[in-house]
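What follows is a short report on a single structure.
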């Protein structure tokens, strides 16, 4: 034990201790690299789209958008498990259970590896059927099939990268995942240019570029963790990866499944809402794309802040510092309400300029004016869910996570959209209103959960 303590005061530790120090400063400096990572991924997805679109035209774009949707679905499932892992790791660290931490990291890695292999197998076997279900345009079918095939084969890297960055973020290190993702993004763009533009390999080339860059990023990140395992308090042996522990695996599944379901459900209901909205014609469909981009900017901020908050909450619940948990949740709300207020002022006073970035079509912009009040509601609902999500996710309470997933993802999102859009005949505005209001779900679940005090129970 003496050795452990001596280690804990090691000046070079890469683990951030969130149980003491200034809450606001920690939250911002931890959330910032995550936000930049999100931003970067969007930029390089756009670069991908532009390079493929310019070189291959509509067919290529259609192929990577269908292939991309399938990949997103797979990635969201991985992200559910890695977010769960991140919270459990934070609680182990808060409770200073470094021996268990190493065994959990081994278990989680083995689980995600096995899971990736299953997904790849199923995906490669049924990719034709999946493509048909997605209504892939016939002229893009062959390209999309090869894009999906290569992407499926490389899913192991996507899962691997998610696992290693979750391990680091659980330890409060968001900087290193950001460095590795920056590298992946640059590499991806360079390879895109070489494969798609120089070698003319089509959508296959774009898939290959993505997978190779994810692979490099994953291997470097994993190598970095191994090299610095002392500084992360990890005492892993190679054999441990082949001996996952049953109860740790169960706690990962108990928390990972609701989180994955939540991601998938929100995604699915958004697709449902989008397909309804698209039936109102081109202008509405085009504006839906613009609205998504605008909401995404606030969403990304909120995701970064509440992922950071969840790790901080996890550590403090692990360390039984309940008062600090309260401070963290309040800090998350403070930041996000400020963001929502700024975003609302911008869209209220400068709608022309904001919409003008995306389109100059007067029909689309006219819908944009109608949308302003809903946009403001959406921004604040996004802020409203952030602090609650930090508490709900950080507590690792699987039951509450599950309740939020079902209500937020399915019952209210679809229910309210159908109520306003169809029953009250508010047309496309009704669907958007339902979507914005459903976002408030975690807020009231979170308030009830907070007052019940059940969040004080450690899950590790």
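Placed from the backbone N, Cα and C atoms, the Cβ positions cover glycine too.
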310-330, 331-351 - the one TrEMBL records as transmembrane segment:
331-351
Among 80-100, 206-226, 227-247, where does TrEMBL put the label transmembrane segment?
206-226
Quick test of your reading of TrEMBL: among 54-76, 146-168, 261-283, where does it put transmembrane segment?
146-168
At an 8 Å Cβ cut-off, counting only pairs 6 or more apart in sequence, do the transmembrane segment (331-351) and the transmembrane segment (371-388) clear the bar of 3 or more pairs?
yes
Any chance you could find the range in 146-168, 206-226, 430-450 with the most Cβ pairs under 8 Å to the transmembrane segment (371-388)?
430-450
Please figure out which one of 146-168, 180-200, 430-450 racks up the most CB pairs under 8 Å against the transmembrane segment (206-226).
146-168
